[in-house]
Amino acid sequence: MKDEFGREIRSFRLSITPECNLKCFYCHREGRTEENGKLMSPDEIGKIVSASLEFGVRKIKISGGEPLVRKDLPKIIQNIKNDQIKDISLTTNGILLEKCAEDLKKAGLNRVNVSLDTLNPKKYKEITGGDVEKVKRGIEKAIFLGLTPLKVNFLAMDITLNDLSEVMDYCKKVGAILQIIEFIPVDPNLKHHHIDITPIEEEIAKKSEKVVTRKFMQNRKKYILDGLEIEFVRPMDNTEFCGHCTRIRLTYDGFLKPCLLRDDNLVDVVTPLRNEESIRSYFIKCIKNREPFCKAE
């Protein structure tokens with residue numbers, strides 16, 4: 001199904017918990033500003049995903065909070081798994097990944113994205129409160145088990161820019177894809193950390209041996225530089241990002257969310273599900289609510 005702007009729905013991002021085992025100062029909390037809802041059960045999540053298939057969803061991304069803090073995550077993945085789903089991936093901070101990777105692989109997870117803004121232990125602890133060595137071990141365990149292609153999410157900010165070269169070298173060494181992500185300063189007090197990543201992309205484009213445009217990923221370009229795959233994610237003021245968005249979202253407490261950058265047009269889908277109603281009409285409402293946050297002039 002297409003929305004009123006001609007955009008197909010292909011991807012469904014599931015936030016399964018607001019809880020996290022780190023305290024990153026920049027966290028946008030998947031666009032949610034409240035934490036007062038009840039978590040969905042694995043069965044409820046499975047039913048909602050199953051209902052989404054009719055509307056074109058073929059890829060699932062699991063996020064949080066930190067999804068690995070849910071001990072029933074393997075069960076959630078098992079309930080999501082379906083012959084029509086082509087890809088189940090997960091975004092994690094990586095702290096618990098070494099411990100959980102094998103069970104997630106067995107449950108049916110295909111691949112992971114891991115946040116890594118610096119390899120400097122002191123700076124990592126200052127930014128997140130965590131231990132970067134645990135993250136590295138998790139990344140390497142996941143790659144060993146075949147949870148690939150593994151992507152490293154590097155958040156480009158004023159305080160992490162000097163770490164980019166080292167993170168690039170690490171990704172090349174372990175065989176990870178690098179995603180350089182523009183920082184979204186949801187809190188106005190953090191705006192000074194935002195940097196324009198256009199010059200970084202232009203410099204990498206000049207040096208790259210190959211450039212591929214990904215049609216179903218907001219026309220995002222993939223650069224090949226010395227064997228390393230590099231992608232850029234620029235959601236701010238980006239008409240390409242919004243104009244080609246194929247994703248809807250589900251909040252941890254059961255609301256369909258048409259847009260990452262909006263919190264005023266959510267559609268409650270878990271209440272009718274719990275009342276044993278059909279939830280088809282709620283997906284239709286969500287898709288009709290979709291519009292590009294950034295529109296071309």
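Including glycine, each Cβ sits where the backbone N, Cα and C put it.
Per Swiss-Prot, domain 'Radical SAM core' is recorded for 4-220, and the stated evidence type is sequence analysis.
The GTP binding site feature in Swiss-Prot is assigned to Arg13, Lys61, Thr91, Lys151, Arg247, Ile248, Arg249; the stated evidence is sequence analysis. Around Arg247 (GTP binding site), the same-chain residues six or more apart in sequence whose CB sits under 8 Å from its CB are Ile9, Arg10, Ser11, Phe12, Arg13, Lys61, listed in sequence order.
The [4Fe-4S] cluster 1 binding site annotation in Swiss-Prot covers Cys20, Cys24, Cys27 and is backed by sequence analysis. Counting only residues at least six positions away in the same chain, the Cβ atoms of Asn93, Ser115, Ile127, Thr128, Gly129 sit under 8 Å from the Cβ of Cys24 ([4Fe-4S] cluster 1 binding site).
Mapped onto three states, the DSSP output places Gly65 (S-adenosyl-L-methionine binding site) in coil. What Swiss-Prot records for Tyr26, Gly65, Ser115 is S-adenosyl-L-methionine binding site, and it gives sequence analysis as the kind of evidence.
Residue density at Cys242 ([4Fe-4S] cluster 2 binding site): 22 other Cβ atoms are found within 10 A of its Cβ, drawing on all protein chains shown. Feature annotation from Swiss-Prot assigns [4Fe-4S] cluster 2 binding site to Cys242, Cys245, Cys259.
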Whole-number Å value for how far Cys259 ([4Fe-4S] cluster 2 binding site) lies from Cys20 ([4Fe-4S] cluster 1 binding site) (Cα to Cα): 22
For Tyr26 (S-adenosyl-L-methionine binding site), the number of other Cβ atoms found within 10 Å of its own Cβ: 19
Per-residue pLDDT averaged over the domain 'Radical SAM core' (4-220), given as an integer: 94
Candidates Cys27, Ile248, Cys259: member of the binding-site residues with the richest Cβ shell (10 Å): Ile248
